[in-house]
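J.: Just passing along the structure, written as structure tokens.
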Amino acid sequence: MFGPMDTEMKQRKHNVTHRPRTRLGQSTRPKEVDDTGVEERTDTDKNMAAMFWIFKIKKRARLDCLILNRKSFAQTVENLFALSFLVKDGRVEIVVDEDSNHFVLPRNAPASESVMSKEVAYRHFVFRFGFRDWQMMMAGVPDGEELMPNRDTDSSAADMSQDTAADNMGPGAQPRTPIRKLTRNRGLVVQNDTVEETPQPQEEEEDETGARNGLHQCKRRLV
């Protein structure tokens with residue numbers, strides 16, 4: 001045998017690439033946010049507070065008198081929406097008497113321990129309410145027995161401006177017809193307009209006739 005017997009494997013050298021280090025800047029600390037501030041209340045929270053304040057004065061209220069607003073259908077729906085949250089939280093309950101009248105009664109909300117142990121379960125109610133139901137509710141509730149106050153909104157101001165514009169139009173004002181757009185669902189509307197043709201003077205007709213005869217003569221000569 002040739003060569004030494006105790007040959008060892010050569011270890012491979014790993015190439016190490018040194019990345020350029022970026023110089024660190026001045027250290028900054030995150031801003032501390034004060035969470036102790038009062039959160040902004042939504043419109044639903046305000047409606048719930050106003051509705052629960054009514055129960056401090058009246059221990060019992062009819063459902064239609066509580067949520068009805070004669071001036072606005074939208075605010076009636078908002079009152080119903082706020083009432084649903086009070087029922088969900090267990091702060092009020094709805095009972096039905098012998099005459100099928102719905103009454104709303106205040107009650108103490110259950111403790112958090114009872115909710116966590118599932119001794120008390122949340123309940124919801126389904127209430128179908130449309131524009132016709134609102135009109136029927138206005139007919140059934142006497143005027144002045146509404147409990148929730150009316151809230152001023154921009155929509156009511158817009159409605160008043162439209163009513164004022166309608167009142168300013170006197171009886172002598174000409175009615176305006178709405179413009180109909182041509183869509184696939186509607187038929188094509190074509191206005192039949194009469195077009196009057198203005199008679200041309202006799203001299204112009206003679207000149208045109210002479211010009212036409214001249215063209216015919218030129219054609220004959222070319223042929």
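Cβ coordinates are placed from backbone N, Cα and C, and glycine is handled just like the others.
Residues annotated as compositional bias 'Basic residues' in TrEMBL: 11-22. Under the heading compositional bias 'Basic and acidic residues', TrEMBL lists 29-40. Marked as compositional bias 'Polar residues' by TrEMBL: 155-165. The domain 'Non-structural maintenance of chromosome element 4 C-terminal' annotation in TrEMBL covers 65-146. Summarising the annotation, TrEMBL assigns region 'Disordered' to 1-40, 145-223.
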J.: Over the span of the domain 'Non-structural maintenance of chromosome element 4 C-terminal' (65-146), how high is the average pLDDT in this prediction?
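T.: So the average pLDDT across the domain 'Non-structural maintenance of chromosome element 4 C-terminal' (65-146) works out to 86.
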J.: Could you break down the residues of the compositional bias 'Basic residues' (11-22) into DSSP helix, strand and coil, giving a count for each?
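T.: Taking each residue of the compositional bias 'Basic residues' (11-22) in turn, the totals are 0 helix, 0 strand, 12 coil.
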